[in-house]
Amino acid sequence: MSTNFVSPQMERSVKVGNMTRVQEFVLLGLSTRLDIRDVLFVTFLALYLLTLLENTLIVFLICSHTDLHKPMYFFLGNLSCLEMCYVSVTTPSLLVGLWTGPFHISFTACMTQLFFFVSLICTECTLLASMAYDRYVAICRPLHYPLLMRPQVCLSLAMTSWTGGMLVSVIKTACIASLSYCGPNVLNQFFCDVSPLLNLSCTHVALTELVDFISAIVIFCGTLLVALASYSAIGLTVLRMPSAAARHKAFSTCASHLVVVGIFYSAALFIYCRPSRIKSMDLNKVLSVIYTVATPLCNPIIYCLRNKEVHAVLQKTLHWP
């Protein structure tokens, strides 16, 4: 007489296999309150267009004027290109949600949006670290700057940032797309993000969580350490400068850079170092707005539009006196 024994794990696998795979998700959007959605739509549309205008202007000025053909502006041009792509990945779905309310997005479209979002956020981390290193070499090792930041090195750093971000995104997106989504399909977010997708999975997510954790350590924490080490060394060098004017100039530049780095990394690390079980989704959405809308808007102002060289080039372009 034989006895058939089915383990709980096998029973769960059979149940999951018999469920219908989710073909689309529902994005709740930034807010479901009808009384404020119109105001938010106009506000974020204006911010989106302003962000595109700012960053397009920066790229045009850098490409069209030889005065700005320097390593610092090369990285700023890359950052501006990234910011335009960045906001164009997330903001349109935010605007659709504010205009129509909760809306459907196909599984393929959701994974595509996730891929570009993760790729760009990882690229931005590496670019910010590269820009911090550039400032470190310029201030702490000025005599070696032409050698250490020659065009080949700058191009290699930029290419590594873009290709590295894409590689990490391929791995993360593949892990998330391979999960089974067979239950609720409502994402309490305005775009397809890692944490809401993991919370909807009806299968074990241990491997995906491990990939998220490793990528957070390597990309977020690694680049943050590079940025902090660079600015710390700059701070020590600035304090030893004999000229008060030189100290003020270097400190004001690095302080503004640190503000951007601090805001971006604080919001991103809070979410992506612990992505699977964030209970306060409203807080999650507020933080997402900070690094998907506010940071791309502020970066050109802080990095470029306050810069005297950029001001001079802009005046020359517009034929101001």
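Placed from the backbone N, Cα and C atoms, the Cβ positions cover glycine too.
Annotated features in TrEMBL:
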- 54-303: domain 'G-protein coupled receptors family 1 profile' (DOMAIN)
- 39-63: transmembrane segment (TRANSMEM)
- 75-99: transmembrane segment (TRANSMEM)
- 105-133: transmembrane segment (TRANSMEM)
- 213-239: transmembrane segment (TRANSMEM)
- 251-272: transmembrane segment (TRANSMEM)
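For the transmembrane segment (213-239), the neighbouring stretch richest in Cβ pairs under 8 Å, chosen from 39-63, 75-99, 105-133, is 105-133. Residues 27-31, 37-38, 40-41, 44-45, 48, 51-52, 54-56, 58-59, 62-63, 105, 113, 116-117, 120-121, 123-124, 127-128, 130-131, 134, 154, 157-158, 161-162, 190-191, 288, 292-293, 296, 299-300, 303-304 of the same chain lie 6+ residues outside the transmembrane segment (75-99) yet bring a C-beta within less than 8 angstroms of a C-beta in it. Counting same-chain residues at least six beyond the ends of the transmembrane segment (105-133), those with a Cβ under 8 angstroms from any Cβ of the stretch are 22-27, 72, 75-76, 78-79, 82, 85-86, 89-90, 93, 157-158, 160-162, 164-166, 168-170, 172-173, 176-177, 181, 191-194, 197, 215, 219-220, 222-224, 226-227, 230-231, 257, 260-261, 264-265, 268, 291. Residues 30-31, 69, 73-74, 76-77, 80-81, 83-84, 87-88, 91, 94-95, 98-99, 293, 296-297, 300-301, 304-305, 310, 313-314, 317 of the same chain, all 6+ positions outside the transmembrane segment (39-63), place their C-beta atoms under 8 angstroms from a C-beta of that stretch.
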